[in-house]
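The compositional bias 'Basic and acidic residues' feature in TrEMBL is assigned to 1177-1190, 1202-1216. Here TrEMBL flags 1217-1229 as compositional bias 'Basic residues'. Annotation comment: TrEMBL describes 27-68 as domain 'JmjN'. Marked as domain 'ARID' by TrEMBL: 92-182. Annotation source TrEMBL lists domain 'JmjC' at 241-407. Marked as domain 'PHD-type' by TrEMBL: 964-1012, 1272-1326. If you look up TrEMBL, you'll see 1086-1106, 1162-1233 marked as region 'Disordered'.
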Amino acid sequence: MEAPGPRPAPALGGPGPLGEFLPPPECPVFEPSWEEFADPFAFIHKIRPIAEQTGICKVRPPPDWQPPFACDVDKLHFTPRIQRLNELEAQTRVKLNFLDQIAKYWELQGSTLKIPHVERKILDLFQLNKLVAEEGGFAVVCKDRKWTKIATKMGFAPGKAVGSHIRGHYERILNPYNLFLSGDSLRMVPTELVEKEFWRLVSTIEEDVTVEYGADIASKEFGSGFPVRDGKVKLSPEEEEYLDSGWNLNNMPVMEQSVLAHITADICGMKLPWLYVGMCFSSFCWHIEDHWSYSINYLHWGEPKTWYGVPGYAAEQLETVMKRLAPELFISQPDLLHQLVTIMNPNTLMTHEVPVYRTNQCAGEFVITFPRAYHSGFNQGFNFAEAVNFCTVDWLPLGRQCVEHYRLLHRYCVFSHDEMICKMASKADVLDVVVASTVQKDMAIMIEDEKALRETVRKLGVIDSERMDFELLPDDERQCVKCKTTCFMSAISCSCKPGLLVCLHHVKELCSCPPYKYKLRYRYTLDDLYPMMNALKLRAESYNEWALNVNEALEAKINKKKSLVSFKALIEESEMKKFPDNDLLRHLRLVTQDAEKCASVAQQLLNGKRQTRYRSGGGKSHNQLTVNELRQFVSQLHALPCVLSQTPLLKDLLNRVEDFQQHSQKLLSEEMPSAAELQDLLDVSFEFDVELPQLAEMRVRLEQAHWLEEVRQACLDPSSLTLDDMRRLIDLGVGLAPYSAVEKAMARLQELLTVSEHWDDKARSLLKARPRHSLNSLATVVKEIEEIPAYLPNGAALKDSVQRARDWLQDVEALQAGGRVPVLDTLIELVTRGRSIPVHLNSLPRLESLVAEVHVWKECAANTFLTENSSYSLLEVLCPRCDIGLLGLKRKQRKLKEPLPSGKKRSPRVESLSDLERALTESRETASAMATLGEARLREMEALQSLRQANEGKLLSPVQDVEMKVCLCQKAPAAPMIQCELCRDAFHTGCVAVPSIAQGPRIWLCPHCRRSEKPPLEKILPLLASLQRIRVRLPEGDALRYMIERTVNWQHRARQLLSSGNLQSVRERAGAGLLCGRWQAAAGQAPEASKLSQPPGPTSFSLPDDWDNRTSYLHSPFSTGRSCIPLHGLSPEVSELLMEAQLLQVSLPEIQELYQTLLAKPSPAQQADRSSPVRPSSEKSDGCRGKRDGVSGLESKLKRRLEREGFSSERWDRGAKMRTPKRKRIKLSHPKDTNSFKLERERSYELVPSADTQSLPSDMSYSGQEDSEDEDAICPAVSCLQPEGDEVDWVQCDGSCNRWFHQVCVGVSPETAEEEDYVCACCAATDAPGRR
């Protein structure tokens, strides 16, 4: 450490022989590595043998060790001495502050600021500094030669070399200050010259230089320059590591290795660092540290500090020289050297053979002084340093020696050495063993000295004694009044002088009282001290026992070696008991580390991880041990001082590696080993973390073997050998090492690939060819491709196309040869399949044309039947209604062709349009389709009859139903209303379109019942004829055929009714039924009909003129002419006939004739005839005659026709028999019977033909087989429907051609053919002029 010299005493001695100072030799300088720097006490212990020979040494930390400066410099104040400050021109506070800073700076440098004069006026330093800064700084102004410019700006006249003077003053006064502010080095004078100047000034009496030195500043008050916890300076995360650094001077004195840590008091300078703020020539005189302890000094920043040191062994020699050269000083002051006020030229000491060493401590460097090493020095400029004391275990003997030395000099002790020893002994179990051993030796000396002193005191007559806790007293109250030693073990007191003590060495110096009045004050008895010393001894001996075990373990023979675990246990014991880190422990650690590394490598070799080491020069590539290196490694394991569990396992590994080498050499000698054997051997090699030279060749041979086996396996199944497989195999083979078997296989593969690619490309071109090739040509190519032993994707596609074409042709042939009319779905499926086959199919265009004709037919039929923007499909219009019922109109139609759940049988009952369409599609023959439609008709009639009765009853009910709902809006009835002729429901005229009054009375159908345009029969027959010509079955065609047959059947029944004369009684009953009831009150209140009008159509034909004037409807709530014939006045047969008339989607003249006959007024003749129960057969109704009059019965007509054609009566009889049709009766059962259908079921509806008869039904069919032997007679109709079946009804033209036509082809029913003459269209056109 250092101490200030406010005014050093004259130097003892002088400079060298020539009066010039000669620098002493340099002390050692150490630059520890990071590993060495980690433990400061271990490093100091390491360098002590060298550094204590010079007394001082310098330590340079690693370059990256740069602790932050954490002192609060604002609390450090210096008062500069500035003469005549009021003479300066600074008028502002800024100038005053600037000049004050300049003055402080130069005073710290040991000089007094004197402001120069230029041109007889004071130089304005503030303005000069500001102008130079504005021009870019001192270097820029000098380079650009701007000093004259600056002088001009400052007001000096140009041309007088003022710029040079200003530059000199700036360079001397202001530039050093600016460099100091910027952090640059201010060293402008070599340290050697400063050193010589210092000793010159010290030795010169004439010159008086006064300096100031800020020394021994307590860090506790101002804060340490090193960072401390809870300090005022905020640290970054990187700087926090310096808080716990051992080189932080706040930590070093109290570290475990420092014995000062056992002193509880905070001793400034020893346990707490001191701060030193130096200036140029401020010095610290020759001295040694308190209690001859170590010291360490760190220069935080600033100019260097020059040190001089004398080793501890020459301390007495230095004291002797000083006493000899200045004896008068030591006579008056025996402890002169401890007062830090004496300085002596090192050259003088060197002249008297005192060894002196020097060093310059720069910022960031440590200087360490060793025990009893005298040192002195001075500062070369402004700097900031920090120092503290510490004591290692080797200092303890010197510490006791120092206390004895202090006793002789009567110098105060800083702390009690005996107290520190006893405190350490009380914690013997946690002491470092080396410390315990040293303390035990020092304590033994202490106990022997104390025992001798107490015995001497006893002999003097001191018999009274008392225990006393000396450590509780302040140090100044337990000092010996004679030698100033701090008492702890014992002391003598006397009652005559209370509060005064003397040590046992100076008993006689206490007072003049006799010794028996004295009292011995003691801290411990001797019996207390021996156990404490024994505890230290046991602690030290535990280390000795441990060291013995370590030596035995390291030197054990092969059969007595200990395990690695035992070695680790010894290291753990040393760490737990805090044994010294000596050579033995370091050797044990090194051996253990080597054994652990060997164990790790051995385990990796056993695990097969192959992560052992990197070869020199490899760096990046990983290599394994060679077999030879493995042998050497096994030998190394056997040579270790400890036993590893992996050693026998590694020996076994070495044996297996050698076996692998032998087996691999044998296998590689074969011409072509199998891949399985090679792979098995390679799998074994994976267990070895060893470099095996055979592996490279084995991998090559394995790749070849795998490739050949893959080629062989691929060729075994040509159907799976694709082009990509061949290309992949060839690519793999190219990368293989040359080998004869590989080259042969490669040639075969390449040839096969070339042929395969050729035929595959050809197949692809054939598939894409336009126009498409014939089946025979493609079949020839397929035959060629099948000969190639490989899978060709395009070839397979071509083969599949050929096979699909053959299958398609077979299906077409089967369809043609089946004798049945093909179904449309079957044709569409065939066309779709045919289009997807890339083969020319001769039949495909014909099928496509046929399907197109069918679609055209469907479009034509839809245009004929469907109304504009109709919501119904064509099939829905043509088929009997399936949605009739009280809730039928509200149900949503299900999707057509709805698939049935799997595993369930199809229900024969058709309940919806989708079911009906499915049944028609799946029916194999027309007969079954007709039967299905017949069943649907019966359900339609039954459901509609129930609906009509329900609606009619609802309207005629005398009981008022407040909840009754009518019309589309489902609201209560309200006049005016209109009634649907078919469903008999009532509708508000404002909700539906009704015919206007101007159109007259008409039959009106509601939107639900009016489903089509109801074209006339002559428009429908050509559709059926064209469908017969197309010869394709589709659900709409079957429905049309059935609808025509149903229409013809209805015509027959209507004509029978019209000719029977039964309508008169029906008309009278209908007229008698007044449609009145609970709505009569509304009569006369009905407003005019809705302005909406229903356009006249087939369903809205005119009725008799007196329809509106019928008394039956005068009081009806309906609009005029908007009610219907009541059902209760009609017979079931007539009701059924009228209902079905509106269900037919065809316009017939018989319908209008029925309504006109039913609703006309009776004539007097008819009223007279009404009494006759039998109508003469010769009388015919106008409705029966139609447009032809005067024609007799059917028999006379047919006979006349036959006679005209020359037929005999026999032939007529024979033909009459043949004309008797064969009927197949179909009985239908329904869950509920209505009265209206009892008659229908009793007579067994004969509309549906049998399975053998697919022609239109006719009671008087005539085949014409008697006239012609040709059974395949051709109907001359323009659109022949070509009816099928065993019985086909024919009719002969009564005109001039006498040709025979299918009745269905010309729209003639069997009844019409029997009763009336038929004239074909051709004869009608030819005979027209004659008829006129």
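From the backbone N, Cα and C atoms, a Cβ is placed for every residue, glycine too.
Curation does not apply to TrEMBL; its annotations are automatic.
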Exercise. Short question: which residues 6 or more past the ends of the domain 'JmjN' (27-68) have a Cβ under 8 Å from it?
Worked result: 226-227, 233, 235, 239, 242, 245-248, 252, 255, 257-258, 294, 307, 309-312, 314, 355, 357-359, 361, 364-371, 373-375, 392, 394, 581
Seminar exercise, completed: Taking DSSP H, G, I as helix and E, B as strand, the domain 'PHD-type' (1272-1326) contains 16 helix, 7 strand, 32 coil
Exercise. What are the helix, strand and coil residue counts for the domain 'ARID' (92-182) according to DSSP?
Worked result: 61 helix, 4 strand, 26 coil
Exercise. Which residue counts does DSSP yield for the domain 'PHD-type' (964-1012) in the helix, strand and coil classes, in that order?
Worked result: 3 helix, 9 strand, 37 coil
For this session: Check the domain 'JmjC' (241-407) for me and report the mean pLDDT.
Result: 86
